[in-house]
Amino acid sequence: MKIIMLGAPGAGKGTQAKMIAEKYGIPHVSTGDIFRANIKNGTALGIEAKKYMDQGLLVPDELTVKILLDRVAQPDCADGYVLDGFPRTIPQAQVLDEALEELGDAIDYAINVEVPDENIVKRMSGRRACVSCGATYHVEHIPPREEGICDKCGKELILRDDDKPETVQNRLQVYHEQTQPLIDFYGAKGVLKTVDGTVDSKEVFAAIEAILG
Ligand code: AP5
Ligand code: MG
């Protein structure tokens, strides 16, 4: 099963993608997490990506596409995956499509998690992310068992650099200009499914389970 998560920054793509990965036994592939791991390790890719991420801009397609295609070519992705944060532009979607077509394959579902802009900024300021495994929490809605510590791996939780309100505004603008057109792109392919992302994360997941079966 090959799934794409669509939705604004902070819509809950990562939260839902992790639940899908766990239930359906497929890898969760997040380009944002890959970039953040590279930033943490000080790689050349991380240094380059950080310039864009800190401003709320997209990392150029040339860098992003190669990383994603390499990742999904790994053996653990053979039976499917859930993509979170990719594609984010029409050219990215086209490259993915062509790569899948060459394998006689295609995306099964593009799940659009719908949350209005008004809710987003508030959510982001409460988000805490694990520096090590990428798990996400929310200080009010989805708190960790122990403040500042990841439930899953015991490492430190941080506020992401790009979750400052002014950067979130930029990310929203970039989303509307460059990523939202993907909703029509996947709609035209007949694989688009939309869920309400404003309800509790367990309810959002129940709606997704009803789609995936
Ligand atoms: P990325 O890491 O993908 O960030 P994003 O799309 O901005 O999305 P977020 O991770 O911020 O939000 P999310 O939808 O995953 O929400 P979450 O589940 O955490 O990308 C970061 C940057 O990397 C980009 O800006 C770009 O620069 C670069 N990049 C990445 N991919 C790229 C690509 N393909 N091309 C170019 N550049 C790329 O939830 C948010 C918060 O809400 C959390 O605190 C969570 O606990 C809480 N929450 C979740 N669900 C609910 C709920 N139902 N109710 C209440 N709270 C909830
Ligand atoms: Mg995310």
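Residue 1 is the first one shown; counting continues down the chain.
Quick reminder: no glycine exception, Cβ is built from N, Cα and C everywhere.
According to TrEMBL, the ATP binding site annotation covers G10, A11, G12, K13, G14, T15, R127, T136, Y137, V199. In the three-state DSSP scheme, R127 (ATP binding site) falls into the strand class.
Counting only same-chain residues 6+ beyond the ends of the region 'NMP' (30-59), those with a CB under 8 A from a CB of the stretch are 14, 17, 67-68, 71, 83-86, 88-89, 129, 131, 134, 160-162, 167-171, 173-174, 178. What TrEMBL records for 30-59 is region 'NMP'.
Taking Cβ-Cβ distances under 8 Å and a sequence gap of 6 or more within the same chain, the neighbours of L57 (AMP binding site) are N170, V174. As annotated by TrEMBL, AMP binding site applies to T31, R36, L57, L58, V59, G85, F86, P87, R88, Q92, R160, R171.
Among the features that TrEMBL reports, region 'LID' is placed at 126-163. Distant neighbours of the region 'LID' (126-163): 10, 14-15, 18, 30, 33, 36-37, 40, 53-54, 56, 171, 200-201; these residues of the same chain sit at least 6 beyond its ends, with a Cβ under 8 Å from one of its Cβ atoms.
According to TrEMBL, the domain 'Adenylate kinase active site lid' annotation covers 127-162. A mean pLDDT of 93 is what the model gives for the domain 'Adenylate kinase active site lid' (127-162).
Sequence-distant neighbours of C150 (Zn(2+) binding site) (same chain, 6+ apart, CB under 8 A from its CB) are C130, S132, C133, A135, Y137, P144, E156, L157. Marked as Zn(2+) binding site by TrEMBL: C130, C133, C150, C153.
Calculated from their C-alpha atoms, the gap between V59 (AMP binding site) and G14 (ATP binding site) amounts to 18 Å. Checked against ligand 2, the binding-site residues G12, G14, R127, C133 give G14 as the ones with a Cβ under 6 Å from it, listed in sequence order. With respect to their backbone Cα atoms, R160 (AMP binding site) and G10 (ATP binding site) stand 12 Å from each other. The Cβ of C153 (Zn(2+) binding site) lies under 8 Å from the Cβ of C130, S132, C133, A135, each of these being in the same chain and 6 or more residues away along the sequence. In the three-state DSSP scheme, G14 (ATP binding site) is classed as helix. Candidate binding-site residues: G12, C130, C133, C150, R160. Those with a Cβ under 6 Å from ligand 1, in sequence order, are G12.
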